[in-house]
Structure formats: C-alpha cells, structure tokens
Amino acid sequence: MSEQSLVSDGPVLGKTDPVLRAEGLEKRFGGLVATDDASIEVERGTITGLIGPNGAGKSTLFNLVSGFYEPDAGSVSVNGVNVTGQKPHEIADQGMIRTFQTPRKPEGMTVREALLVGPHNQTGESIIPLFTSPSTVEQEERRSLEQAQQMLERFEIGDLATQPATDLSGGQMKLVELARGMMAEPDLLLLDEPVAGVNPVLADKLAGFIEELNEEGITFLIIEHDMNFIMRLADPIIVLNQGSVLVEGPPEAVRSDERVIDAYLGGPSE
Amino acid sequence: MSTLDVGAYSPREKGVVGLLGALGALLLIAVVTGFLAPAYLLYLVGLSAMYMLLSMGLNVQWGYGGMINFSVAAFFGLGAYGTALLTASGSPISGGVSPVIALFGGLALAAVLAVIIGYPTLKLRDDYLAIASLGLAEVVRIFILNESQWTAGSAGLTGIPLFFSDWPVLGDLTYPYVFYAGGTPVFNMSQSVVTSFLNVVLVTVIVAAVYLFLRRIHQSPWGRVLRTIRTDEDLAETLGKNTFAFKMQAFVIGSLIMALAGVFYSHLVLFVSPQDLQPITTFYVWVAVILGGTGSDRGAMLGGFTIVAIQQGTRFMTDTGALPIGAAPLRLMLVGLLIIFIVRLRPEGILPPERELIWPDSLGGGRDE
C-alpha cells in the first residue's frame, strides 16, 4: 500500500496467504464486457467486502470464481490450487462455498434435511456403502444431525429444525443458507448480498454471527449493497467498477475516496 | 403447512391400505363365486406388479432427481426384447438361453442405452433429456420393427419360455398338478393356474426387492442429494456434489427397473412385439407416478396399480355388457378425467412423499420408515 493514501489504486495483490486468488478475469456476453481484467485476492482470515455500483460485475465475478461461468481469460486459484475452468462442485471441494443472491429454497425438505446436504463426501452419498457399511453411514448421519442442530441453535433457529424449508421467512432462509454453508466446513464463504431484504434487527444478528465465525477462522468474501452493514463488517473493501477493480482499502478510507464516490454517482443508482 | 411427518404410516396411507384391502376382498369373492377365473386374477396381479415396477423406475428418475424421461416404453421394451431374443424358440438371434441368464441380457441392454442417452443430455438442463428421450422411444420401436433379421420385426417373438421353465422342480411339474395333504389329494390345479401363480411369486419377489432397495437408497444421503438436485441443481453443485454423476446413477437405476418390468412381461405374456413399445405405455406410467405422488415409492406402486385397475376394469365392464361404449375409448376418457381430478384436487398426488430423507437408523431407535 502506498504511503500517500490508504486506498490502493486497483487491487492489492501479492498478499501473504490468499485463500482465493483471481487474476485477469475476463467475461464477455456478446458485445458486453461484464468483467474486464479483474484481479482480486482474498487474504486468509479476513472479511473482505466486494462493493460497486449496479452492473459493476460483482455477481459475474462470483460466478466466475465459483465455476458457474467459464472465464474468457484469466485464472482462479483456491488454496493455491488452480481451479480455472473446473466445475462448481470441484471448486467447492477445494474449500470455497458460495451462496446465492436469492435464497434457494429446497422444496419438500425440512430445515435440518437441507442442512444435511452440506457435508462433503458423505459415505452414504455412494450407493454401494449403503448396503455394505450401513453402520458407517449411520454414524456419519448421527454426527451430521448433531452438528446441524448445534449450528441451528447457534444461529438461534434451533426450533425450526423440522419445519419445511419453504415455510421460512427471507431472513431465516439467509441464516439457513449460512448454516448449510458452514456444514460443508469451508475455508472461504462467498456471500452474495446476505442482508438484502432482511430486517435491520436480523441483519444485525447476521453481522454478529459472521464476525463470530470469522474469529473461528472462516474467511469471508461478501457482496453487499447495504453500506452500513458492509462498512461495519469488512476490511478490506474492494470496489468494483465497470468490470474491474477500481480501488481497494480499509472501509473508512474507501468510503471517502473520490474515485469511489464518482463511480457511485456516475452509476445508475445507489 | 404443518411440519412434515417423520413418523410411521400417515392416516392417508392407512386409508389407501384399507381401500386396497377392500378391493382385494372383492376380487377374492369374485373368484370364489366363479365370476373371475383364478388364472386371470393372477395374471392381473402380475400385470399390476409390472406397472408398479415401471412406475417405481420412473419415480427414481423423475420423482427423486427431476429427470424427464419420455422413453419408459423403450427401456421396458429393451428388457422385454433382451430376454426374449435370448430365450425364445422363435428368436432370429440365439434362443434357448436360460431365462435366469437372459434376464441380465435385458438389463445390460437397458443400462447401455441409459448411459448412451444420459451422457450427452444429463450435463445439460432438464429439457434436453426430455427432448432426446422423446425421440429415443420411437427410434427403438422403429428399429425393432424394421430390423427383422435380428428382431423378427412386426411379427413379434413367439416361443418365449416361462421364467421357471428350466428350474429343477418348478420346470417339470405335470398337469393337472395335484396338491396332496397327508396323502390325500386336496385340490388339483390346471397348468395356467400354476404358471400364473409362479409368475406372481416371481414378480412379488422382484417388486419387494426393488422396493426395499429403493427405500434404502432413497432415505439416505444419496437420495437427499438427488432431492436437492431436483429443486435446484446449482445449489447441489455449490455444495460440492457432482450432480452429473448423481443424475446418471439415478437414471441408470430407474432404467434398469423399467427393463426388469420388461423381462417379467416377456415371461408373463410369452410373446413380445413392437406393439408393446407404443408411446402410450410411457404415458400411462407418467400418469401413474403423478397420480400416486411424485417422489414417493409407495405412491408410484399405488399409481401403477390404479392404471391397471382402469385398464382391466373397463375391459371387465364391457364383458359384462354394462357399458354403452367400447372399453378403449372409455379407458382413455377415465384416465383423462383422472388427470383432471388430480390436477384440480390433489396436485401432489395421492401419496406424496412425507418423509425426510435422513438415514432412518440415525434418527434414534424405533422410527422405522
């Protein structure tokens, strides 16, 4: 970081221990350049915020690093492993779990059932062990069930365990998504607008939970439009504009940075 | 909506069981009073079981994993033709193979076709499988119809042996078969009754085995991942699940169960022809699954049974002369009405899935299914 300003022009690269590193990502949809030479690094142990005006390419960047879009150029690595062009499930296996902007409601599932999908590489996910080693499956299921209950209780929604997941409010669903993500024991959680449409009280709680999990070693990369939420939680904050990284720096400095203000005022809204 | 039932039998299931029991009693009375030939009743049981298998197979694909397969008739036909070509005396290829071995021939054919059609389409969105399978069913049927040097074409295959034909005791019973109790003959049975009875035993074993197999794989982490894929494939991917592999497994398993129904059908009717692969079979099986309750194994069985009840019940009613119109149009009309009723009154089917897909033993003792 430069001496003159706390805010770096463009991304801060060369961090000591990045969980996620994306370099020169590019994605075009026909003539539209959604992501243009975007590079970011997410340092282990941080809560990194990703902000930017509408259409800046935040969600596209999420889709690129999580494998839902294939980049036209650039590379992505998670925990030092190059995952460029891999399938979403292969990237998830490397320890990076994402959530979606609109919560995905698992129809016909109870909350705890939805949570039990989280753990990676369950023995019972293969057919043969269901018959050859049912006791292993049973033990794993018991453990996962306990873990799910603890997770729900931690997020203060323990009473919802056997409720149909479709009956939850938007805010509760966000908590369930977070809990399900945690069941996968990720190194890095990518949250796409975790407090969009969530009432302020629950948003506050959610921020508290994220801080707690962060202290326990989970790294976060969060897209959020709610400035109070993200400024309180994240450090550093990466500002995306027109498909590439405009600046990166600590929240107070980013907030008052001329370039950021210009980008937001020049954009369609905020 | 209330909490999902995780306990034993729901009131709805008890109701259905009661209804089926009453129907069974009625049929028994019909047999005892001579209104219905015993061999025919046994044939009906076999036919119902066959439809149960077909419905369970489709339920694995559509009910578990949300895969739209419009070629149920093709997988059924491959099972039927696979075993028929190997065993039938009229087979242009081989013939004379033991049905127990030929069974695997039918299954292998279906598995190969399932992988061939699944590999390119299961990586894509749901609709592509639907489109491809729609064509596949007709391709298989027309292939069988035209390549008569291998399949005997439109003439069909005759001379298919009974499934137990080369078994030590069951294969060489003499008829009429006399059943002794303590040295005195109690009753004697004609060949048709004995063979029908053996068929019913065979199919009961198959249906029970398939049901138990499915129950185990469904109420497990495997079934849970498929349920997640059904509602949201992207979600399953983000949680690190190889959705393609899961879908492929379910697709092949479903197809194998359909082929099993075909194998049984061959040895029940002892004749197969391209007529058996008409798309109407696929349509009936879809109605059965939706009627019974998509995603529920018990529902699929009930649906399969209901379809046969309509098919054969209408035939029965024309025989008694109680109907002003023919059975075929009435049958289709009844099925049509049934669909309208389901959509209007019970869009989730008669026995929709009510259980959490969690390994039953891990939920603490005593909660059996």
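Residue positions begin at 1 at the first shown residue.
Note that Cβ sites are derived from N, Cα and C of the backbone, with glycine treated the same way.
Here TrEMBL flags B:15-36 (among others) as transmembrane segment.
Among the features that TrEMBL reports, transmembrane segment is placed at B:41-62 (among others).
Annotated transmembrane segment per TrEMBL: B:68-88 (among others), in sequence order.
Feature annotation from TrEMBL assigns transmembrane segment to B:100-122 (among others).
What TrEMBL records for B:190-214 (among others) is transmembrane segment. When Cβ-Cβ distances below 8 Å are used as the criterion, the transmembrane segment (B:190-214) is approached by residues 38-39, 42-43, 45-46, 49-50, 52-53, 56, 60, 162-164, 170, 173, 175-177, 257, 260, 264, 267-268, 297, 301 of the same chain, each at least six residues removed from its ends.
The transmembrane segment annotation in TrEMBL covers B:250-271 (among others).
What TrEMBL records for B:283-310 (among others) is transmembrane segment.
Among the features that TrEMBL reports, transmembrane segment is placed at B:322-343 (among others).
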For this session: Could you name the stretch, out of B:68-88, B:100-122, B:250-271, B:283-310, with the greatest number of CB pairs under 8 A to the transmembrane segment (B:41-62)?
Result: B:283-310
Exercise. Considering only Cβ pairs under 8 Å, which range in B:15-36, B:100-122, B:250-271 makes the most contacts with the transmembrane segment (B:283-310)?
Worked result: B:15-36
